[in-house]
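Peer 1: Okay, these came from TrEMBL:
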type	residues	note
TRANSMEM	41-60	transmembrane segment
DOMAIN	115-251	domain 'Peptidase S54 rhomboid'
TRANSMEM	124-145	transmembrane segment
TRANSMEM	157-175	transmembrane segment
TRANSMEM	181-202	transmembrane segment
TRANSMEM	209-228	transmembrane segment
TRANSMEM	234-252	transmembrane segment
TRANSMEM	272-294	transmembrane segment
Amino acid sequence: MSGRDLERGAAKGPRGGGYNQAAVYYAGGGRGDSESQWTSWLVPVIVVANVAVFIAAMYVNNCPRNNLRFEGGCVARFLGRLSFEPLKENPLFGPSSSTLEKMGGLKWDNVVNGNQGWRLITCMWLHAGVIHLLANMLSLVFIGIRLEQQFGFVRVGAIYLISGFGGSVLSSLFIQNNISVGASGAVFGLLGAMLSELLTNWTIYTNKAAALFTLLFIVAINLAVGILPHVDNFAHIGGFLTGFLLGFILLIRPQFGWVERRAKSKHMGYQYVLLLIALVLLIAGFVVGLIMLFRGENANDHCSWCHYLSCVPTSRWKCTN
């Protein structure tokens, strides 16, 4: 894989093992109600689908037959046509960049000039290597299963897919010379939805301040890792913002009040206000983003400093594009 190609790497938590599992239950800020839980099946299906797509990509890649450009032989040749590209091309133990592009990786020129808008969706099912796949799927399991148990597969599935799409749109607007793949934009969307769900359902949680602080800390750590080179942080940011807005819309819960000494479940006025604002911002963001994308505009022309959100140059590495 070319050094210029980007992975939507799963950002590391405080112990370097992906998104911190403590965030999944809001750092102990558990709900005050005894609501029954759904059975989680969608998240495991998504994990299986991602693994299957990765195996298919390695089959198409067929390193022993097709690798003629890079020094060194294929890695794990005992796997036959499923063996990995030489580490000089792809240190993550995966296929070549040309295979990722062939399989539906996100590339601006293909989307805008090749009328291949479907890449905005397909790229979130591809991964640059075993390490990339493992990190993202572990993150998805830690975050997604808990959310699906609480809110069901329809809402969590919608947040996952729409957030992944939102991450792809923002990525395409800012990164136009590289291939980008990975599910972490969608996973960041679930993380953003966790934060907005906590805010809009504030009154039903205990230990609110601790839960909010922990979530914000985890979000900051994960986004900070995205400033490393060859990590598509714009996909992370786009997915997170999309999921954050969707949380206000899809994860709203009734609050509890007392009417004539009887508990009554109802939604609060501020919840409807947040829902309306989030809906307007979400629609406006997608409309503006898609218009800019298919008009071929480069968002860096409108924001001269935004490229630092995805890569900060240091003495150890340089940032291109």
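Using the three backbone atoms N, Cα and C, a Cβ is placed for every residue, glycine included.
Remember, TrEMBL labels are computer predictions, not curated facts.
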Peer 1: Residues of the same chain, at least six outside the transmembrane segment (181-202), with any C-beta under 8 angstroms of its C-beta?
Peer 2: 6-11, 19, 23-24, 26, 29, 31, 50, 100, 105-106, 123-128, 132, 136-137, 139-140, 143-144, 147, 156, 159-164, 166-168, 171, 208, 211-212, 215-216, 218-219, 222, 232, 235-248, 250-253, 255, 270-271, 274-275, 278
Peer 1: Within the same chain, where does the transmembrane segment (234-252) have neighbours whose Cβ lies under 8 angstroms from its own Cβ atoms, ignoring anything closer than 6 residues to its ends? I mean 6 or more beyond.
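Peer 2: Same-chain contacts beyond the flanks: 8, 11, 151, 155, 158-159, 162-171, 173-175, 180, 182, 184-197, 199-201, 219, 222-223, 226, 267, 271, 274-275, 277-279, 281-282, 285, 309-310.
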Peer 1: When the pLDDT values for the domain 'Peptidase S54 rhomboid' (115-251) are averaged, what is the result?
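Peer 2: For the domain 'Peptidase S54 rhomboid' (115-251), the model's average pLDDT rounds to 91.
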Peer 1: Reported in the order helix, strand, coil, what are the DSSP residue counts of the domain 'Peptidase S54 rhomboid' (115-251)?
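Peer 2: Summed by class, the stretch gives 107 helix, 4 strand, 26 coil.
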